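S.K.: Below are the features listed in Swiss-Prot for this protein:
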type	residues	note
DISULFID	50-101	disulfide bond
DOMAIN	171-199	domain 'ITAM'
MOD_RES	182	phosphotyrosine
MOD_RES	193	phosphotyrosine
MOD_RES	198	asymmetric dimethylarginine
MOD_RES	204	phosphotyrosine
SIGNAL	1-28	signal peptide
SITE	204	site 'Required for binding to BLNK'
TOPO_DOM	160-220	topological domain 'Cytoplasmic'
């Protein structure tokens, strides 16, 4: 089959041409939009990149103030490397504005959407700059210390009281003391109280135990 042999011979050439056209030389120039904004603290460094698919592009950065429309864009010069990196070693308030890159390759010009650089004052660091895990461990240690301070003194007092009771015999029963409980009372006063209580017992009668016919109530 001569037709089949010719097709097999042309297959490597077709693969080579397809690979060459799929390479960077046959692709259209494309520039990534990039982040819409970048926030940097005052005095820190900032980096802006211009991502593109060019092989040897000519990258130029432009700058404009968003608040001043009448002020024309200012060219900042070429970027560094194939990504056209724009580097600020120390950012200040004058660096605020809109930055975009312009890529030229083979007379084809592309621009990025632009990135607005925000410069803010650094956030003051707290007095105790600790993570949440460290704070939780400190709170747990404080709880254990408070529990220790509450339980240990009370336990020591209980053991001390028990030791005193065992040493001086406070809790031991004393039969002699129970027998002489009323030793200090005056016997004359006791007999007088008994006479008075006995005299009051006959003043009132139990009405429930009396018969109706024999009921004779005493006059007050």
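Quick reminder: no glycine exception, Cβ is built from N, Cα and C everywhere.
Would you situate these features in the structure and describe their surroundings?
M.R.: Cβ environment of residue 101 (disulfide bond): 31, 34, 48, 50, 59, 60, 61, 62, 79, 84, 86, 111, 112 lie under 8 Å away, each six or more residues apart in the same chain.
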S.K.: If you draw a 10 Å sphere on the Cβ of residue 50 (disulfide bond), how many other Cβ atoms land inside?
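M.R.: I count 28 other Cβ atoms within 10 Å of it.
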S.K.: Within the domain 'ITAM' (171-199), what mean pLDDT does the predicted structure show?
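M.R.: Mean pLDDT, the domain 'ITAM' (171-199): 54.
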